[in-house]
Amino acid sequence: MEHSAAVVVATLILGIFVVKWFAAPKEHPSAQRLPNTQLPSSSNNQQRTAGSSNGRGSQRRVSSTSRRNITPEMIETVRNVIPALHPEQIRYDLESTGSVEQTMERYFNGESFPFPPGYTPARESSANGQHNNIDEPSDIRKRSNIRPDNLLSKFNVDMSVDMSDMSIKELEIDERKKLLVWEARKNMEKRLETDTELASLIK
């Protein structure tokens, strides 16, 4: 009797497990792995977001570091040698070159010096209400009658003296001006050999 009772109990327990197994919902193995496979996508989105924010940050750093520190002394130095240029023209060019020497060399090489975007220079009016600059030549060198010979005499520059071995950082302000004019004249002489349009401006 005891053996029969044990067999009956074992059969009932086995039947319960079989019923639960058939009653449980079956999921495809790929469906069980789906939540795990979605995690890398979320991680990639976070990485892309972080990367784009880092990119914007680096762009801001580049734009901020590209701004040059232009001092009033730099503008005044250029203006003392080239009084025809407006301070805003000088400032705008210095923001590109960052160098007094390069700005002055650009001028003597006949480069254009535009005003900053959005800036309108004030025009002086004469007594009859007309602008003084009407019918004036557009080239700033012609308006101010600035010629290489004028600068040579103004700064007492002797072109027969070789100044190529001088360092501008070791010179006083007056000697720096002489060196800049000397270098600009030498560069202009080289360019005049091939640039007929520029040569016509200083005739």
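We count from 1, first residue shown onward.
Even glycines carry a Cβ here, placed using N, Cα and C.
Per Swiss-Prot, the feature compositional bias 'Polar residues' maps to 33-69 (among others).
Annotation source Swiss-Prot lists compositional bias 'Polar residues' at 123-132 (among others).
Confidence annotation: the domain 'CUE' (70-112) carries a mean pLDDT of 89 in the model. According to Swiss-Prot, the domain 'CUE' annotation covers 70-112.
The region 'Disordered' annotation in Swiss-Prot covers 29-74 (among others).
The annotation region 'Disordered' is assigned in Swiss-Prot to 123-144 (among others).
Summarising the annotation, Swiss-Prot assigns topological domain 'Lumenal' to 1-4.
Taken from Swiss-Prot, the feature topological domain 'Cytoplasmic' applies to 26-203.
Residues or ranges marked as transmembrane segment by Swiss-Prot: 5-25.
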Helix-strand-coil residue split for the domain 'CUE' (70-112), DSSP-based: 30 helix, 0 strand, 13 coil
